[in-house]
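Novice: Dropping a structure here in structure tokens format, bear with me for questions.
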Amino acid sequence: ITPETDLLVKLIISNKMNDSDAGPSMLQVNFVVCQICALLMACCFRLYLHPSKTSPLARHVVATLLGVYFALFCFGWYALHFLVQSGIAYGIMILAGVEHMHRYCLVFALAYLSFCQITRVYVFDYGMYSADFTGPMMVITQKITSMAFEIHDGECALFAGAVFRRMPSLLEYFSYNCNFMGILAGPTCSYNDYIAFIEGKPYRHRDQGSNGKPQGKTSLNDPSPNKEVIRKLATCFISLLVFLSVCKVFPVERNIDDGFIATTPFYAQVVYLYLSMLTTRPKYYFVWTLADAINNAAGFGFNGYDGEGLPRWDLISNLRITNIELATSFKMFLDNWNIQTAHWLKRVCYERCPYNPTAATFLLSAMWHGAYPGYYLTFLTGIVVTLAARAVRHNVRPCFLGSPTHKLVYDVITWASTQIAICYTVVPFVLLSVGPSLKFYRSWYFSGHIGCVLLAIALPVKPRHLRLKEQQLGLQPSSTHSQKHKAT
């Protein structure tokens with residue numbers, strides 16, 4: 001599961017400049033200027049259009065108009081695609097009815113997004129990122145489908161967290177899809193959370209039962225996000241500084257250079273692969289953390305309090321850097337990378353697909369990311385790696401839990417294995433084309449693929465439906481015991 005703003009990142013700080021290498025293009029400058037303006041507008045939005053001072057209607061209007069203006073400023077008339085996609089999807093929601101709206105919206109939104117991606121890549125400018133208007137459409141696609149699924153689940157009472165049971169007004173709908181805080185770089189979010197923020201009820205709406213009444217204690221104060229915004233802006237600055245200082249030292253393309261492959265020992269190639277892919281991450285850290293800071297500056301993103309009573313501003317955060325760099329399993333890496341997209345994929349695909357949900361989820365992610373062949377190679381490889389990692393964790397990990405020393409050894413080995421597996425998997429995502437990607441895998445003799453297939457076959461893992469059944473049976477005795485204890 002890889003980032004929805006990959007193309008936007010390269011729009012901002014691309015190391016693929018034009019042939020004259022004259023510096024960033026005007027479109028890149030426009031993008032950065034808009035994000036800085038969005039940060040300033042977010043501060044004003046929170047101070048002068050606070051829910052205690054103005055109505056939700058005014059907040060919706062301002063958020064929507066600013067978002068449309070920023071989109072037009074960056075992408076020109078291509079930004080009309082945002083409104084067309086959103087408008088047609090809204091009509092589908094009204095005409096299709098609750099029972100089928102989520103399916104039709106998913107098919108239409110993905111089809112429209114894919115059409116724009118294919119025409120941009122293969123008709124206009126293959127390999128160029130100068131006017132990638134499909135980046136924001138990826139986030140809008142997530143929002144359209146998330147809303148449709150929320151409405152469907154709320155009406156059918158399929159999920160406990162889905163309490164949204166009415167169609168939004170047209171203004172509410174466009175405000176959710178095109179607000180200035182997330183129009184350019186996301187992240188996606190729940191419609192329930194967004195409306196609660198606009199109406200001045202962040203966090204508290206998630207403490208309500210099905211009858212709309214509060215369950216348990218709720219916090220009624222409005223904590224300041226200033227410290228969190230400053231911390232995230234500092235993270236942005238450090239990430240950008242690291243990226244600009246080291247990205248050209250370890251170019252990813254060197255992994256497929258004939259001279260490098262012929263003269264470099266294999267262990268050195270492994271180390272260089274890790275370093276070259278490691279230096280590509282700070283650009284994602286920069287863009288996602290800045291987008292998070294913009295939302296927090298507007299007051300959006302409050303997620304209650306931690307165990308020490310400090311406010312948490314991670315409701316729509318897209319990554320946890322420490323957990324990513326220290327991940328000891330493929331799953332742990334994915335759970336902390338592009339978090340909101342992972343939630344979206346889990347909600348619309350993994351939890352609903354009756355057969356091979358892992359493969360279906362990776363294929364949906366590939367389709368959503370774009371038309372470059374490298375994306376599909378990455379996600380097809382990701383299926384095999386995920387199955388192998390799951391098999392190893394289920395069969396090998398219990399053998400190392402007997403003592404802290406054995407657990408430490410296991411963690412060190414799995415950390416190194418996870419980092420190399422991630423790098424091996426995402427090289428085609430960076431190289432984009434089939435030829436260079438297959439050249440890289442041939443230089444490694446497809447060892448990653450072969451090893452993962454052998455592990456997935458040799459190490460047994462129970463099917464998902466059997467694991468879920470065992471979990472349910474395991475919970476029943478404890479629940480019965482709890483009820484007897486309470487009665488006693």
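The backbone N, Cα and C atoms fix where each Cβ goes, glycine too.
In case it's useful when we look at the structure, here is the feature table from TrEMBL:
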- 209-224: compositional bias 'Polar residues' (COMPBIAS)
- 205-224: region 'Disordered' (REGION)
- 27-49: transmembrane segment (TRANSMEM)
- 61-81: transmembrane segment (TRANSMEM)
- 374-392: transmembrane segment (TRANSMEM)
- 412-432: transmembrane segment (TRANSMEM)
- 444-461: transmembrane segment (TRANSMEM)
Novice: Which of 27-49, 412-432, 444-461 shares the most C-beta pairs under 8 angstroms with the transmembrane segment (61-81)?
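Specialist: Ranking 27-49, 412-432, 444-461 by Cβ pairs under 8 Å to the transmembrane segment (61-81) puts 27-49 first.
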Novice: Are there residues at least six beyond either end of the transmembrane segment (444-461) with Cβ under 8 Å to its Cβ atoms? List them, or say none.
Specialist: 381, 384-385, 387-388, 390-392, 394-396, 421, 424-425
Novice: Looking only at residues six or more beyond either end of the transmembrane segment (412-432), which have a C-beta under 8 A from one in the stretch?
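Specialist: Non-local partners: 2, 6, 127, 252-253, 255-256, 270, 273-274, 276-278, 280, 326-330, 332-333, 372-375, 377-378, 381-382, 385, 389, 440, 444, 448.
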